[in-house]
Amino acid sequence: MNLKDPICAIATPPGKGAIGVVRLSGEGALEIAARVWRGKDPRRLKGGRFALGEVVDPKTGEAIDQAILLVFRAPRSYTGEDLVEFQTHGSPAVLRRVMEVLVAEGARPAGRGEFTFRAYLNGKMDLAQAEAVLALIEAEGELARRQALRALEGALSRRIEALENRLLNLLAHIQALLDYPEEGVEPLEAERTIREVLAEVEALLAQAKASRLAQKGARLALIGAPNAGKSSLLNALLGYERALVSPIPGTTRDYLEAPLELFGIPLVAVDTAGVRETEDPVERMGVERALGIAEEADLVLYVVDRSQPKPAPPPLPWARTLKVATKSDLPPAWEDPEFLPVSSLTGEGLDRLKEAVREALLGREGGEVLLTERQVEALLRARERLEEALSLPEDLMGLALEEAARALALLTGKEVAEEVVARVFQNFCVGK
Ligand SMILES: Nc1nc2c(c(=O)[nH]1)N(C=O)[C@@H](CNc1ccc(C(=O)N[C@@H](CCC(=O)O)C(=O)O)cc1)CN2
Ligand SMILES: Nc1nc2c(ncn2[C@@H]2O[C@H](COP(=O)(O)OP(=O)(O)OP(=O)(O)O)[C@@H](O)[C@H]2O)c(=O)[nH]1
Ligand SMILES: [K+]
Ligand SMILES: [Mg+2]
């Protein structure tokens, strides 16, 4: 692949919009822009300046659209190259023609993520930041957006680099001890340093699940006996009357899904049919379905009516189940500290339930760190090597430490194999 040739792409999403943006980056971008532009000559614009004019077809002189042209000059641009943006009306007909004239004048349609790839190659960002660009575009919930922006701004990269540096300093120290045993090099505190680095790696890994849930969302299943108050609780969590509620047991016959954002996590709450022993074949199907939904859910709310005698518990994945006692506004038939009391009628206990859901999904850490699957793998490898180093005498731990440092370097993309980098950018859309 030619790494500097001029590339162009529509940067705005497909469809009609107020404004559409076409970006052009690489060697000769300003010259190509000048040929398709009627207005102030882009070659004479300083970086960061714009002009109002027309995009034209140079073959015919025909105007394609009235537009704004914005110039960034290398190295001060997103890609680090000369870069021109055409901000046109957001019409698919306009954007297509702008692309056509740019290609006719010698630019090439960009591949997926190629602008960001160039930014990476030109040192504008590291691989963790490039992955954050993608995660930010893909973010659907507030938490995913916050995690991605922090990573984009380099929070993760700085943390990783600090760990890498500690390992490299330690390695240098070990080497000095080996090379000059009689020179009075300070004795090592290798174990303490390694344990501290390991603790940081563990702290990051503890946030992997939160990062995955923030990005992919989570399923929350409400399971319990008929009339336990599942549908009422769903409505109370949603804040509107999504599910039918009635005093008749068996009101919910089949499951029902509703999107719900809690603490910035995009959740799908699933209300299900009441679970009990039954002869009715249709009801039996509903029960089986409910138990299957519980099995697949990230978190289950086991809903029990506290004003009635406690039913026998159904088979649920208890390790990821929260126990909820509903109808706390009514006189209780039993007490059990394992159950969170709530009333869908008065709203009592709802905030505590939401807090418990947050903690069950994200852990106490809170989950502000973006970690991609690729990064989690690298951290796991680093952890393994650090643990190995701890099991070795100081004069033999060098290799394991080196490998741990290399695993950490994978996160920020130093020493990453070309195919791995290519795979990261394959996930991007064209135009980013
Ligand atoms: N019109 C437009 N809006 C956009 C982008 C864009 O490319 N174009 N972005 C695209 O993602 C995001 C903003 N990110 C950007 C990051 C760096 C540079 C940039 O030109 N950086 C140069 C110059 C900095 C300066 O002049 O202060 C540099 O880092 O050297 C531009 C946009 C979101 N909004
Ligand atoms: N007092 C009081 N009544 C409630 C509360 N939650 C639910 N109910 C009542 O309990 C009855 C059953 O509520 P639903 O939400 O339909 O119960 P469900 O578990 O979805 O029932 P099925 O779908 O039939 O399995 C209705 O009459 C509700 O008004 C509560 O917190 N307090
Ligand atoms: K009911
Ligand atoms: Mg119901």
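Any Cβ shown, glycine's included, is placed from N, Cα and C.
Mapped onto three states, the DSSP output places Arg23 ((6S)-5-formyl-5,6,7,8-tetrahydrofolate binding site) in strand. Per Swiss-Prot, (6S)-5-formyl-5,6,7,8-tetrahydrofolate binding site is recorded for Arg23, Glu85, Lys124, Lys432, and the stated evidence type is sequence analysis.
Feature annotation from Swiss-Prot assigns domain 'TrmE-type G' to 217-362.
Counting only residues at least six positions away in the same chain, no Cβ atom sits under 8 Å from the Cβ of Ser246 (GTP binding site). Look at Ser246 (GTP binding site): DSSP puts it in coil. The GTP binding site annotation in Swiss-Prot covers 227-232, 246-252, 271-274.
Among the features that Swiss-Prot reports, K(+) binding site is placed at Asn227, Ser246, Ile248, Thr251, with the record citing sequence analysis. Counting only residues at least six positions away in the same chain, the Cβ atoms of Asn227 sit under 8 Å from the Cβ of Ile248 (K(+) binding site).
Under 8 Å, Cβ to Cβ, and six or more positions away along its own chain, Thr252 (GTP binding site) finds Lys230, Ser231, Ala243, Leu244, Asp271, Thr272, Ala273, Gly274, Gly286. Secondary structure at Thr252 (GTP binding site), taken from DSSP and collapsed to helix, strand or coil, is coil. Annotation comment: Swiss-Prot describes Ser231, Thr252 as Mg(2+) binding site, evidence class sequence analysis.
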Which ones in the same chain are close to Arg23 ((6S)-5-formyl-5,6,7,8-tetrahydrofolate binding site), with CB under 8 Å and 6+ residues apart in sequence?
Cys8, Ala9, Ala11, Leu83, Val84, Glu85, Phe86, Phe115, Gly431
When neighbour density is defined as the number of other C-beta atoms within 10 angstroms of a residue's C-beta, which of the binding-site residues Asn227, Ser231, Thr251 has the lowest density?
Thr251
Please report the DSSP secondary structure of Lys230 (GTP binding site), reduced to three states.
helix
Here the Cα-Cα span from Pro249 (GTP binding site) to Lys124 ((6S)-5-formyl-5,6,7,8-tetrahydrofolate binding site), rounded to a whole number of angstrom, reaches 61
In three-state terms from DSSP, label Ala273 (GTP binding site) for me.
coil
